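If you look up Swiss-Prot, you'll see R200 marked as active site. Swiss-Prot lists E39, G53, R113, D313, G326 with the feature FAD binding site, giving similarity to another entry as the kind of evidence. The feature N-linked glycosylation site is assigned by Swiss-Prot to N57, N246, with sequence analysis given as support. According to Swiss-Prot, the feature transmembrane segment maps to 13-33, 522-542, 567-587, 595-615, 634-654, 691-711, 721-741, an assignment based on sequence analysis.
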Amino acid sequence: MAVIEKRPDFKVVIVGGSISGLVLAHSLHQAGIDYIVLEGRNRIDPQIGASIGLFSNGSRILDQLGVYKSILDLTEPLVWYDMLTGQGDLVRRDDSLRLIEARTGYPVAFLERRQVLQVLHKHTPDQSKILTGKKVVSVRTLADGVEVQCKDGSKFTGDIVAGADGVYSRIRREMWRQAKSDGGLKHLEDDVKAMSADYRCLYGMSYPVPGLRKKSLYRTFNKDWSFLVVVGKDECCFWFVFEKLNGTHKLSNMPTYTESDQAEFVKPFMKRYVSQGVAFEALWHRKTAATLAALEEAQYNHWTYGRFVCLGDSIHKMTPNIGQGGNWAIESAAALTNKLHSLMKTTRQPTTEQISDTLIEYEQSRQVRTKEVCTTAGFATRLEAFEKFWHRPMALYVVPLAGDMLVDVHCQSVAEAPKLDFLPPPELSLKQDTIFQAVQFDQQGPHLVSRVLRATPLLALCFAAFHCLEPTGSAVPANADTEAVRLAMLSYLGDFFPIQVIAMVESARRGNSMGIAGLWPLFGLTGYWGSTGYAVPVYFFLQYILSPPSRYAASDNRLVPTHYARSAVAATGVGYLLLVAYGVLSQQNYLAGYAYWYLLPACTAVVHPLFASFLTHTTFADRVQNPRADMKYLLLSYAISGVFSGITHVYTWAPSPWGLGNILLIAARLRQGALLLEEMGPEKLIQRHHILMLGGGLFWALLHLWDLKSTGRLKAGWFKVLGALGGMLVMFGPGTALVLGWAWREVVLARKTGPH
């Protein structure tokens, strides 16, 4: 790995040989920035029973630094995730941890914290720059730098001092002292009072325990306490026992514990279950190390002042329930190095003001993201301990039914994580189908505001339809049973078939779960009471603005469960047949029967799951092993619906509404109020509905293709796109053109984007 030329005229004094401190040292080395690490303990890797969970946001940076493989050799990737009640009853078991690896390229892994420290220390290019037994007692600001004094009397100078010295950071306190002396930070007292603890935790490690599966993570939820157990390499068990304290403790009365306190603490937990058949006592009797400590929480406003800067637990302390504390420390080390590297490109001898501005940029780049994760971690701790009355039903019933939603949230967060910008991204992060690979495209796409503005014509169609079309169920004349009306209805229903198939596919797509796509039947029912001319364009508008390509950055989120993909056309066909049969039996005229077709989305919403239930459900395996398993079924569904629409279009060519005269007539009449049934004729009314709905559909498809063009994923030029869709529109009608555009989108979204 190439190292940037050294600049010995700028030096960082890193206080703390923690994970954040050593990662910062490695990062600065790669950036060509001089440093020295001062660790207060006599060894870099003390054994205190602490473990660390590595997720992709931290692993990717370690990979850039060339140390990840050595760390990975000490772990065994996790696969299984069990959620249990305090009585040991299984709430949910899934392989979400394997799905995270499939999406990110990096496995979720646990190992001893000291093992990570050992690897980082071993791979340090110049170990003479890592000094132990150097407990810092004060920092003095000089005219052109800082002077750090240690307890043994030694002093070290540099341009800045970085506090990576943990939750009770000396550097943070020295920064506060300096700021208070200068009167330089607003609301400093808020930071001084920020730390608190509502929970305590006994954490440790144990030898293998019979009954605990390899590659598994167990969570047990109960009122006021919870367990977290992870089975790592060689079946070594890492465990946490969380318990709510009696009230909130601030820094002044933060509890501390001795080894004798542990024995008293564990008594009520010994018979409580950590898995379906294993009680905590099995872990306790096989423990190799354990520590009891308060779970401090703190989100500080000020991360830097002058030549001081903090990172890791010294400035963002979260509870360990989501396993992101160490990863966030690694992120902050990378983010700080990025800013310093950018500064070094402009000057090798920056002024105090330039240094201060750079460190403030680092602070601002991290605060929003860090506040979110600290809040999430604290919420997880409280949720698992049922702190609020609604936490129990949410943890035991809502979360288990949410499917892979938690994986979605996690992956969205890590996809936005910083890396070392001056080093190439590691190959593992850019392999086929990872979110890091896909996000390179999708970050270039349009933001929400521009998406709303781009989709505004769909709302204009809705407005036009609402004011210029009357519901088809009103004032049905006696002459509605004519050949012209029949052909107009047939043309309309032929083109509606692809829309219905597409809507059913989108409602079943994994990335659209709990989204607007699932409400398609409601938009159909709205049309029953009014007009699809204004109901469907609203659906198009909402679906577009809420479904950017990034929603499907994970390839399994593009996936449509195969049992739904295989049955979409059949369900739509049966829905058509049921409504045809109803119209025949009720002996309605064509126009009155037309109103019943607004029931089609609701009808197929019932038929589709019924049909799918008779087919093999392979989603659990497909989402990890074969996220393109649905493609042949989707393309077949699109082809069948396109052919059906094209045949009806050709058959009804003479009364087709897509002539220039009809379209110009609508434009002219929009200024004249409602297009009343009595004055235009029933077949014309159907045709106007047809134009507004299918015109919106074609524009909707073009918007999605526009997204793919703007992100660089669709390579075809606009001449080719518009030529293909326009040619299909002329020859086989709008329904066929629409489904062609949608199939094109499907192929692009499913295309392998990583190196292969």
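Each position is counted from 1, following the chain as shown.
Even glycines carry a Cβ here, placed using N, Cα and C.
Same-chain neighbours of the transmembrane segment (634-654): 487-488, 490-491, 493-495, 497-498, 500-502, 505, 560, 565, 568-569, 572, 731-733, 735-736, 739-740, 742-743, 746-747, counting only residues six or more beyond its ends whose CB sits under 8 Å from a CB of the stretch. On a Cα basis, the residue listed as 'active site' lies 19 Å away from G53 (FAD binding site). DSSP assigns N246 (N-linked glycosylation site) to a strand segment in the three-state reduction. Comparing Cβ neighbour counts within 10 Å across the glycosylation sites N57, N246, the minimum falls on N246. Neighbour list (R113 (FAD binding site), Cβ cut-off 8 Å, at least 6 residues apart, same chain): I19, I48, A50, S51, I52, G326. For N57 (N-linked glycosylation site) paired with D313 (FAD binding site), the C-alpha to C-alpha distance reads 17 Å. Among the recorded positions listed here, namely E39, R200, D313, R200 has its C-alpha nearest to that of N246 (N-linked glycosylation site).
For the pair E39 (FAD binding site) and R200 (active site), the Cα-Cα distance reads 26 Å.
Taking the C-alpha positions, the distance from D313 (FAD binding site) to R200 (active site) comes to 16 Å.
Remark: R200 (active site) has F242, E243, L245, P255, Y257, L292, A293, A294, L295 as non-local neighbours, by Cβ distance under 8 Å and separation of at least 6 in sequence. Within its own chain, the transmembrane segment (721-741) is flanked in space by residues 491, 494-499, 501-502, 638, 641-643, 645-646, 648-650, 656, 658, 694-695, 697-698, 700-702, 704-705, 709, 714, which lie at least six positions past its ends and keep a Cβ under 8 Å from the stretch. G326 (FAD binding site) has a Cβ environment of 24 other Cβ atoms inside 10 Å.
Within the set E39, G53, R113, D313, G326 that the record links to FAD, no two Cα atoms are more than 23 Å apart, and one pair reaches that distance. For the recorded site, E39 (FAD binding site), the DSSP three-state label reads coil. Classification of R200 (active site) by DSSP places it within a strand. The secondary structure of G53 (FAD binding site), as reduced to three states from DSSP, is extended strand. The 10 Å shell around the Cβ of G53 (FAD binding site) contains 23 further Cβ atoms across the protein chains shown.
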